[in-house]
Amino acid sequence: MADYVLAIDQGTTSSRAIIFDHSGTIVATGQKEHEQIFPRAGWVEHDPEEIWTNVRDVVGQALGRASVRASNIAAIGITNQRETAVVWDRTTGKPVYNAIVWQDTRTQRIVEELGGSEGAEKYKARVGLPLATYFSGPKIKWILDNVDGAREAAERGDLLFGNTDTWVLWNMTGGVNGGVHVTDVTNASRTMLMDLDTLSWNPDIAADMGIPVSMLPEIRSSSEVYGKDREEGLLAGVPIAGILGDQQAATFGQACFEIGMAKNTYGTGNFMLMNTGTEQVASENGLLTTVCYKIGDQPQVYALEGSIAVTGSLVQWLRDNLKVISTAPEIENLALTVEDNGGAYFVPAFSGLFAPYWRADARGALVGLTRYVSLGHIARAALEATAFQSAEVLDAMKADSGVDLTELKVDGGMVANEVLMQFQADILGVDVVRPKVAETTALGAAYAAGIAVGFWNGEQDVIDNWAEDKRWTPQMDRGDRDRLYRNWKKAVTKTFDWVDDDVEN
């Protein structure tokens, strides 16, 4: 029997391939960043062909570093940035436009027109999501409306849509030569086009958006064999057997299998998911109802999700745009030069505000500035913004679910930052727990694939493999915590109502 499972993690800033052994331990990794394309304010794009090239490269890197042959890989799992929309020609295999990324806000007018008098809640009862620029459906409509010949080609049946999971899978399984056009329930649940009850495309909503259903991939479970890597591929013949959107994959990798268990992933943005079991919980507090996972023929499991647009990308912005730091980890040392935020609060509403506000008219603000404030204070305010936004989402989860969390499992790149993790525990008032394998997104996809082919026996193996690495316990006085949180909420209100007729994006 093969000894390893390989996960492809097609993320917002990079693509990675990670090889895991049976204990869930990382054996080798390959990683390559792709270009972030900003054609206009509020627009964010990726080149799908660059992504596909990078995926092949990182698979080769991982196999080489592990000295592992394809014959020793039991299965391949795919996890991906969700919502990001790719539209391509089924005959040529070429994208008709760049991928429109989940952070992109160009579809605001489309969203407002679709909502009409019913507003953002128009489809929420059916799809679990508010009408927002975040989701795939309006992005597909924008491409069909704005790329010459795209709508006609789509109506002829010549175009295919997918998030990057589908794009990678289609290419891996042969592309124009019989590529499998499939997505899983978790990714489909982020398009605004899938009915949460039936787990099938909703033709009425697709028609409202002018999207031919023929473009849409077949919806399958998160753990089953979808196809095999093409003959000329580095993993020729290896089954591709797991697909989970990145945040659902992290939830799976964190072994959040019981109702009320939650995790928070700290990446480009932050995403907190709470398992709600086989019952959908409709949010009254600005959260999303989404599919958490579906293992083969087992019933689907749902989740509440709080999505935060900008957290880690704020640190990248300080590095790349303002040149305040030269590498992202330097933010911690800069923050340690001061004891607090000096009264400064940084609300990074670069793409509007996601949960729990859903304010597309908001834009970033740095408030509370005096001549006392230094770069150290701004660095600390940037880190604290991540913790404050997560606290607001956790409050909403408590209100919707009636569950009081006793601890929060965390993962993602920013959990290496000790200053942030301690402040997160302080502001939440609960323990924050980091697992030994922090790459839970890739791990979750690996588990889904491995379970499908019998490499792992099921959720119990995931639970048995999970191990705690570090725990942060709240240390802040409650009065201080409440004062800081009140000031944060005041700062958030200063970002509202910025985008109007005088401001395009």
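The backbone N, Cα and C atoms fix where each Cβ goes, glycine too.
Annotated features, as they stand in Swiss-Prot:
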- Thr12, Arg16, Thr268, Gly312, Gly413, Asn417: ADP binding site (BINDING)
- Thr12, Arg82, Glu83, Tyr134, Asp246: sn-glycerol 3-phosphate binding site (BINDING)
- Thr12, Thr13, Ser14, Thr268, Gly312, Gln316, Gly413: ATP binding site (BINDING)
- Arg82, Glu83, Tyr134, Asp246, Gln247: glycerol binding site (BINDING)
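All features noted in Swiss-Prot, drawn onto the structure.
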{"residue": "Thr12", "record": "ADP binding site", "DSSP class": "coil"}
{"residue": "Arg82", "record": "sn-glycerol 3-phosphate binding site", "DSSP class": "coil"}
{"residue": "Asp246", "record": "sn-glycerol 3-phosphate binding site", "DSSP class": "helix"}
{"residue": "Thr268", "record": "ADP binding site", "DSSP class": "coil"}
{"residue": "Gly312", "record": "ADP binding site", "DSSP class": "helix"}
{"residue": "Gly413", "record": "ADP binding site", "DSSP class": "helix"}
Site diameter for ATP, Å, by largest Cα distance between Thr12, Thr13, Ser14, Thr268, Gly312, Gln316, Gly413: 14
Sn-glycerol 3-phosphate site, defined by Thr12, Arg82, Glu83, Tyr134, Asp246: further same-chain residues with Cβ within 8 Å of the Cβ centre: Asn80, Gln81, Thr84, Val101, Trp102, Asn163, Arg190, Gly245, Gln247, Gly269
Ser14 (ATP binding site) versus binding-site residues Glu83, Gln247, Thr268 - nearest by Cα: Thr268
Inter-residue Cα distance where the pair is Thr13 (ATP binding site) and Thr268 (ADP binding site), in Å: 8
Environment of Arg82, Glu83, Tyr134, Asp246, Gln247, the listed glycerol site - residues of the same chain whose CB lies within 8 A of the CB centroid: Gln81, Thr84, Trp102, Arg190, Gly245, Phe271, Ser307
Cα-Cα distance linking Gly413 (ADP binding site) and Gln247 (glycerol binding site), given in Å to the nearest integer: 13
Separation of alpha carbons, Thr12 (ADP binding site) and Asp246 (sn-glycerol 3-phosphate binding site) (Å): 10
Cα-nearest neighbour of Tyr134 (sn-glycerol 3-phosphate binding site) within the listed binding-site residues, Thr12, Thr13, Gly413, Asn417: Thr12
Candidates Thr13, Arg82, Glu83, namely the binding-site residues, that fall within 10 Å of Gly312 (ADP binding site) by Cα distance: none
Listed in sequence order, residues with CB under 8 A of Arg82 (sn-glycerol 3-phosphate binding site) and six or more positions away: Trp102, Asn163, Thr186, Asn187, Arg190, Gly245, Asp246, Gln247
Greatest C-beta neighbour count within 10 angstroms, which of the binding-site residues Thr12, Ser14, Thr268, Gln316, Asn417: Thr268
Set of same-chain residues at least 6 away whose C-beta sits under 8 angstroms from Glu83 (sn-glycerol 3-phosphate binding site): Trp102, Tyr134, Phe135, Ser136, Lys139, Asn163, Arg190, Thr191
Long-range Cβ environment of Gly413 (ADP binding site), under 8 Å and at least 6 residues apart: Tyr266, Gly267, Gly312, Ala328
Gln316 (ATP binding site) and Arg16 (ADP binding site), Cα-Cα, nearest whole angstrom: 19
